[in-house]
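Feature annotations, reproduced from TrEMBL:
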- 30-128: domain 'P5B-type ATPase N-terminal' (DOMAIN)
- 244-362: domain 'P-type ATPase A' (DOMAIN)
- 40-60: transmembrane segment (TRANSMEM)
- 204-227: transmembrane segment (TRANSMEM)
- 379-401: transmembrane segment (TRANSMEM)
- 407-434: transmembrane segment (TRANSMEM)
- 874-900: transmembrane segment (TRANSMEM)
- 912-935: transmembrane segment (TRANSMEM)
- 947-970: transmembrane segment (TRANSMEM)
- 996-1014: transmembrane segment (TRANSMEM)
- 1026-1045: transmembrane segment (TRANSMEM)
- 1065-1095: transmembrane segment (TRANSMEM)
Amino acid sequence: MKSSTSCTSLVDNNMSTVIENEEDEENSIVTAYKPDKVRLLLTILLTPLTGGILLLFIYWRSDWRLKVTHSPCELKEATKVLIKDQYKQLFVEDVISTSYERRSSQTEEIYRNVSLRYFVHKEVRYIWENATFSRLVGLEKGKECAHFHKISHGMPRSEQTSQRVLYGTNCIVIQVRSYLDLFFNEALNPFYIFQVYSVTVWMVQLYFLYCGCIMVLSTISIALSVYETRRSSVELKKKVVSGSKVTVQRGAFTEVIDSDDLVPGDVIIIPDHHTKLECDAVLVNGNCVVNESMLTGESIPITKTSVPNVNTEMYTPLTHKRHTLFCGTEVIQARSMNQESVKAVVVRTGFATAKGELVRSILFPQPLDLKLHRDGLKFIGVALIIAFVGLGFVVFTYLYHEIYEDMAITLLNITTFCVPPALPAAITIGNVLAQKRLEKAKIFCMSSRFINFTGALNVVCFDKTGTLTNDGLDLHGLRRAENGRFLKESLGSENLPTGSCLTCMATCHSLHIIDGKPDGYPLDVKMFEATGWILKDPSTLMPYETKFEKTPMAIVQSDKGGEVAVIRQYTFASGLQRMSVITKSEDSSELEVYVKGSPEKITSISKPETVPEDWQDILEVYTRDGYRVIALATKKLDPSITWDDTQNLSRNKVECDLEFLGLLIMENKLKPETIPAMKILHSANIRTVMVTGDNILTALKVARDCDMIKPREMVIRITAKAFHKGNPLEYSLRTVPDEATLEIQYTREIDPDHPSEEMRIDIEEKMYHLAIDGKSFGLIRRYKPELIPNIVRRGTVFARMLPEQKTHLITDLQDMEYYVGMCGDGANDCGALKTAHAGISLSVAEASVASPFTSQETNIMCVQKLMREGRTALVTSFGLFKHLLCSAIIELVMILFLYYIFNGLNDPQFLYIDLGLLVIITLFYGNVGAYPVLVKRPPPSKLMATVPLLSIGSFLIIQCCFLTFCWLLMQAEPWYLKWEWDDQRFVWDLKGYENTMMFCMGCLCIINSAITFSQGAPYRKHMFTNFLFVLCLLAGFILTSIIWLWHGGKYNLFTGLFDHIDFPSYGFCLLLYASFFINVFVSLSCETFLIQDLLYQKLRPKMSRPKLKHQRLELELRHNETWPPLDTTLIEGERFSEKGNGALIQGTGAQSCDTHL
């Protein structure tokens, strides 16, 4: 059995274990449990005693259900495990015990019966091995590259059968729950359970019509939620579930099997054209051209070559991704250099594959917490407390009058007012309407629940290439080098000189002929097109049409007719930052190597005498001007090396002792929408960060061009180097020692547009930007992690960042309590897009399924559109919470006034308030567009904060004063007759001045609540643009006025329906109307001018203390005279001035490092 070598398990008293997985940082605590008959019996006995409430609680909490039926035990005895992940989420999983047979590969006889115990958590299998549970892995760990060539003959069927028991089926199963299952799961939500309780109480009081309407409304709300949940599951299943027939090698024979039956170790035969991979496999023979848009979002053909047959190199999918075919990708073309088939060894299956990991990230996302949801529950708790105050008042009233009949049901009825029935439906509809508006703006959302997050964003990270700048690159020129000196620059493609540089540009790429034209990375396409050469596909040529003795990988033909064959390709690796090819010209017997890559890497592997001494100065000139610079190099191979020998040459032997050829300068222009979008974000005080894989100086130039860094603002570049025992560390390695000396240097960066001016830095405000590359970021994150918050707080440019480092940056920002957005084209940003609070993909490829938002407009203007809609949705949700909570409390106050005289509201009156006013009005509450301007002050993201509480509190005080004024004013009228309670008519006849006045004035207060909390500018358009909402308000006001003012005597239509009674004085009615309009004016003025404008917009920013981590850190940094340590050196805590030197800091790393350095 194979368990993860990157996982360690720490056993605690043999009852629990900590599984540390450094690959995906999922550290989980696993605790063992076994059945306990005593606990189970007690649970069965307590269930009827609690009226079934215990069952509800253990249904809501799976960990409670486990603890009341099972007891802790040793891991080896466990039948269930309780898992606590790194997000403190709890899961209960079953431990499965089985066995399988191991047979001899020669005799097929059973020689061992292997027992197997495992559990499955988040679709990953953990097996019992070495007295603990460890993650099961395939062949991706602990294997030399040569191992895959050794097993390339395939495995026997018997071994494949036993492996299938161990690894399970090779399929990515998306469980689509039935409508009935989803319905009951939603119906058992605590909110709807409370609704069931409320309906039961109301039915006892004979409010049948009202109960029926509430049940219909709740059913519709549940059905909408069930439909959206199932629709998302079905769409995901359609996108990811697949299967096919594959051909596998069985020794000297082949066999066609279902892809579901594949296991690690199987050898599959890759067909020539258009095959979809159903597993992760290592290529052991031949080359493939694949489309990895499912994983990367980039529909660019990528070349995969066979893994090197060497024992000195350990295989990992990340390091050897150019030799790995990933599940879900499409093989466009497969070709073998010999007569054998193109073969690959399966290394991972099912959810362990790259595609499976992508699907797992969707099924089990990082729990992102918007305080609105938690505060909503707290608000309901506050309403419940108010209801209990009302309970006390009712109890006192009943006991004071010594009336005990119906007291119990009355008390229960009071508690039903704390949860508005329309709340979930109204918020869901508001988000759905926002989602529809986004679709009109060509922004598509995976789920409407993500929209509220975008309203709270205060940091947005941007990729550079394809996001801020155009995808394509234009050739600016070529700067050749000869004899260790740079020659004059050749500008434009028409002035490119012939020679080695031109041949390198024509051959050192990964282009392929797709649909009759070269296709591949935009940079490679532009570079090749500039040469004017022709690319040929050897597989389409007849033997007499080629000038070479064997079939090469590719053939390029110059404009003069000469041909060059590419016979071996070492594809681009982000860790190495280069690619290379071995070529042969038709008129030469020698083999030549051409290499292109980052100037830093190419110069380090070139002969020193061929590299100009001023190459760094020349490079800096171009990168500061925003150009993308690529270095070219070449060398001739030893004449004894033949065509066949090249297939076994290691990369390190080829890419060394090169002759430096020069620098290729490519121009990458900003998209026209970038600068206007940046100005909008900056005007709204949104922090922008660039995170790119490009050169740091190029990134700084782009940051200045797009106004991410203002002219003459200070930029401090941080550079880190690590030393172990006095020797520099090879940062290209994935793992580095646990202890090292870290040298950190802080350098001023000069603005090339203002080189003679001193960069401005405000000592009081400490206004500066930090810039850092991925290597330094990784070293500091490992050896000096306490500096990361400082860097993240002021970092603006993060360059040369690997995909996993982009994800680390997002999580570091989230740890600082930022709400983080990420905008990228999906190529290397998938991890960051799905980790951010709001990931916005500018790619419509299949990989965008991992991003919550996808924009069809491929520019960053979509960010401000999304944020405006998000703010609208967030303010709408806040307004709905406040409106519905205040309406519920107003209704409670009405009831308490009436209960004081033993009156109440009848069934139609409740129905009119809750259905006619609350439900219908709130359903259209969110049908309002976003405000056209993104303002500086973001909307509040917490309900349980000073401003929202004052908003609700002040409004309720005003309404209580208004209702009390109306009550006292009515009692002072000479015609007033007090309603007398009669135990024979209480339920059926509630007619009285008190009932009619309180019902009508209470309805007007609820309408006032909808008006007051319909906030317009600066987050939403004005209320009057919401035609349906205004129409409902007018209809409610007019109908309530008719009920209030109608004087029809015995012909009054509302007498029997609402227990209406005519008021003898129109003057009194008009006086109350005047009071109501004063109430509306006071309420609006208090909410708009006092609460929102004065308190929230003006006073609160000045009076409030920093509460969030990044705010507190900013305050510390402003008062920290030693940070940043510019032009200083710190050695073991000592500080002295020494301009140009760095800071030497001794750091100790953690036990696991997952930063690809």
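Glycine too: its Cβ is placed from the backbone N, Cα and C atoms.
Curation does not apply to TrEMBL; its annotations are automatic.
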Using Cβ distances below 8 Å and needing 3 or more such pairs, separated by at least 6 in sequence, tell me whether the transmembrane segment (874-900) contacts the transmembrane segment (1026-1045).
no
Given pairs 6 or more apart, does the transmembrane segment (407-434) have at least three Cβ pairs under 8 Å with the transmembrane segment (996-1014)?
no
Taking 204-227, 379-401, 912-935, 947-970 as candidates, which has the most Cβ pairs under 8 Å with the transmembrane segment (1026-1045)?
912-935
Take every residue in the domain 'P-type ATPase A' (244-362), average their pLDDT values, and give the whole-number result.
84
Report the DSSP secondary-structure composition of the domain 'P5B-type ATPase N-terminal' (30-128) as helix, strand and coil residue counts.
30 helix, 44 strand, 25 coil
Would you mind listing the long-range same-chain contacts of the transmembrane segment (912-935), meaning Cβ under 8 Å and 6+ residues beyond its ends?
210, 213-214, 217, 420-422, 425-426, 429-431, 433-434, 437, 680-681, 683-684, 686, 864-865, 867-869, 871-873, 876, 879-880, 883-884, 887, 891, 905, 1002-1003, 1006-1007, 1010, 1014, 1016-1021, 1023, 1025-1026, 1028-1029, 1032-1033, 1036, 1039, 1058
Quickly jot the same-chain residues contacting the transmembrane segment (204-227) by Cβ under 8 Å, restricted to those at least six beyond its ends, or write none.
179, 182-183, 186-187, 192, 195, 198, 409, 413, 421-422, 424-425, 428, 907-908, 910-911, 914-915, 919, 987
